[in-house]
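Okay, structure first, notes after.
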């Protein structure tokens, strides 16, 4: 199913019974968070708050609150179909030379499809139907959520930040939270390894005294939003990838105050600049860890212009102790990650980011072990292959007879196949999410790998245990008797 814009997606979800219109007055201060949190935990619908207290702009929440809705947003009917998207990304990330003329012809349609999905730039766009500039800019007119009692201020959460480095052809899309600190100022919290921060750093090195142009799209179409959180190869723009997901070219328009291109059908666009050296204390905020994070300094984004559609919809979320929307996104994107990892490590059978692990802090890998030390190679590969996993603290590796998504299986493997000293890998002084207050130094901490695989000769001198398995003939006989036994 193709969704041209957020409104098209809302309509499609409503027809499926996946969206609920909330007509009662609900405050964006704390109340929306509580309602969305309860709804998400019951795997409930997306919520369109039509009467936010004190505002005349509707708020869309819990949009990606189930893996199924994430799949729909990526153009799939089921989460299992996301594996095919992962296979495409794996191919584009590391394309193999054709093995012959026939193989070359078979791959040609893929390349043609990618080339055909170059974004389309419009002269006029719905996102610029209304233009607010200068002293009329007032972010307090947008119903930005204040999510938790201890939060420092209202927080923009689903802002799609568009940047471009001075030495790069392509633009970068990233989702970074933004603390509102005035009618026209927000704090741009981007971590140092993220694309927006890297672009800004390059700009400051080349133009240390010039303001850096930035645009933030609020309420883009689902494919563009999700394209920004997917491990897209550096050779492919997020806009082109969104076109592949959607099945049609992403439509853009030039920002009014810069050369940046923004989604033509976004509900709201913030345009402005970051002045090198202008920083502010950000936080504290309740985060996806379930705790309030420390205060840290980040650049200030000055909003010089707000453009929006007529009767815009504000798209928002909250983060908190899992499950929350980032955790649900992690569950769905699991299916995208698996083929990408398998491309580099064919021995991997499954890969799982348990939502209880705060989206990415713990990973479970099942594999077909082939030699002593193989599990350690795989765990090191997980940490280093995709930048999405550089902050993963714990990697558990098991054999392929274990279900990575069943803690009963995983814990059994850990307790029966591991010696704590021999089978634990500790790595010190590695990059850690600065939100992780458990690390001894902000941004720097350790990682642990757990080898819960069967041990091969060379890894142990002992006779290894054989798993207990019932006689298949006995199981078949009991299957035949089961109804007669009257047990259930």
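Every residue, even glycine, has its Cβ placed from backbone N, Cα and C.
Pulled from Swiss-Prot, these are the features on record:
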| type | residues | note |
| --- | --- | --- |
| BINDING | 172, 238 | Mn(2+) binding site |
| BINDING | 175, 176, 177, 189, 190, 191, 194, 195 | prenylated FMN binding site |
| ACT_SITE | 287 | active site, proton donor |
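Location within the structure of each feature annotated in Swiss-Prot.
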{"residue": "172", "record": "Mn(2+) binding site", "contacts (Cβ under 8 Å, 6+ apart)": "162, 163, 164, 165, 195, 196, 198, 199, 238"}
{"residue": "175", "record": "prenylated FMN binding site", "contacts (Cβ under 8 Å, 6+ apart)": "158, 159, 160, 161, 225, 228, 229"}
{"residue": "176", "record": "prenylated FMN binding site", "contacts (Cβ under 8 Å, 6+ apart)": "159, 161, 188, 189, 190, 194, 196"}
{"residue": "191", "record": "prenylated FMN binding site", "contacts (Cβ under 8 Å, 6+ apart)": "197, 433, 434"}
{"residue": "287", "record": "active site, proton donor", "contacts (Cβ under 8 Å, 6+ apart)": "293, 319, 320, 435"}
Far apart in sequence but close in space: which same-chain residues, 6 or more away, have a Cβ under 8 Å from residue 177 (prenylated FMN binding site)?
155, 156, 157, 159, 189, 285
Report, as a single number, how many Cβ atoms besides its own are within 10 Å of the Cβ of residue 189 (prenylated FMN binding site).
22
Report, as a single number, how many Cβ atoms besides its own are within 10 Å of the Cβ of residue 194 (prenylated FMN binding site).
18
Extent of the prenylated FMN binding site in Å [max Cα distance among 175, 176, 177, 189, 190, 191, 194, 195]:
14
Need the DSSP three-state call for residue 172 (Mn(2+) binding site) to compare against my parser.
strand
For residue 195 (prenylated FMN binding site), just count the other CB atoms lying within 10 A of its CB, please.
23
Is it possible to get the count of other C-beta atoms within 10 angstroms of the C-beta of residue 238 (Mn(2+) binding site)?
26
I want the residues beyond 175, 176, 177, 189, 190, 191, 194, 195 whose C-beta is within 8 angstroms of the mean position of the prenylated FMN site's C-beta atoms, in chain order.
161, 174, 188, 196, 197
